[in-house]
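According to TrEMBL, the protein carries these features:
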DOMAIN    38-286  domain 'G-protein coupled receptors family 1 profile'
TRANSMEM  20-45  transmembrane segment
TRANSMEM  57-77  transmembrane segment
TRANSMEM  97-116  transmembrane segment
TRANSMEM  136-160  transmembrane segment
TRANSMEM  195-222  transmembrane segment
TRANSMEM  234-257  transmembrane segment
TRANSMEM  269-288  transmembrane segment
Amino acid sequence: GNHTLMTEFVLSGFSRHSELQHLLFLTFCLIYTTTIIGNLIIFMVTVHPILCKPMYFFLRVLSFLDIATASTVVPKMLANFLSEDRSISYIACATQLYFVIFLGATECYLLAAMAYDRYVAICNPLRYAVIMNSRVCHSLVLLSCCSGNIVSVVQTAWVFTLPFCGSKNINYFFCDIPPLIMLSCTDTSLYEKQIITATVLVIFAPFCLILISYACIISSILKISSAEDRHKTFSTCSSHIIAVTLYYASGTLIYLRPKSSNSQDTKEVLALIYTTIIPTLNPVIYSLRNKEVKGVLIKIIVELRKMQTDST
């Protein structure tokens, strides 16, 4: 009898820090700008003919996903910092949730595909070009997207079939599963089990594949006699390991226990990590630790300067 037909929600995340609104706006505006520029640079650099390896194809897709993830969350958050009206329509909230889950799940599967690429490159170097051909790479990306879409459609449909109570206040900075199910006036224990099942499929299943890939990689590296060669080989995987650790850890802590006793600030910080911070860090992680990417970037800068000098 207390169920309410929701037409809009209110995103009240960070509103309790009213004195910091303008500072938060400037901070996240800078982070968002850095994310867009950094990932566009990675995208531009990795289309260079020198970087035609499958690893850089996956890196381009990762850059696109990072731009899309940040663009799904940050613009609305920035608008809320400068406006008293923090409302979001029911349809817009469902759309935002769909894209957050779709992009997040797709990235989880893509990181597993990237681990498989590193496994083939290190454990089967002579057959690398044959195994990781263009068709296989595109198929892995398509499979990641299709899997992410299925997970997102199911999860979004489940959330928005829940009956919501009178409160329309989402104590978060974007529409996500944990704060939305907190508004439900029905027993969500069954749904929480479904979320845990989805978390296992989206996070732990690909993470297990990543662990298996790296177990084989480490085994192969240990067989290399030269310490310098071992370090050089492992350095090709270190960037991916850092990205996987950050992304999977933050996602697990949020979705494995959607109604956990963690403070609201803790949940928001974890959500910030995978929606805004990681998309900003990925270009740094993959460029500063990769000599080929840095080399091509320097070459492009030199060519642009040369063109500018010739035109003047």
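Yeah, the Cβs are placed from backbone N, Cα and C, and that goes for glycine too.
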Beyond the flanks of the transmembrane segment (234-257) by 6 or more, those residues with Cβ under 8 Å of it: 104, 107-108, 111, 114-115, 118, 121-122, 176-178, 195-196, 198-199, 202-204, 207, 210, 214, 217, 221, 267, 270-271, 273-274, 278, 281-282, 285-286, 289-290
Per Cβ pairs under 8 Å, the stretch of 57-77, 136-160, 195-222 packing most closely against the transmembrane segment (20-45): 57-77
Per-residue pLDDT averaged over the domain 'G-protein coupled receptors family 1 profile' (38-286), given as an integer: 86
The transmembrane segment (57-77) touching the transmembrane segment (269-288) per 3+ Cβ pairs under 8 Å rule: yes
Chain residues in Cβ proximity to the transmembrane segment (57-77) (below 8 Å; excluding those fewer than six residues from its ends, i.e. six or more beyond): 11, 13-14, 28, 31-32, 35-36, 39-40, 42-43, 46-47, 88, 96, 99-100, 103-104, 106-107, 110-111, 113-114, 117, 137, 140-141, 173-174, 274-276, 278-280, 282-283, 286
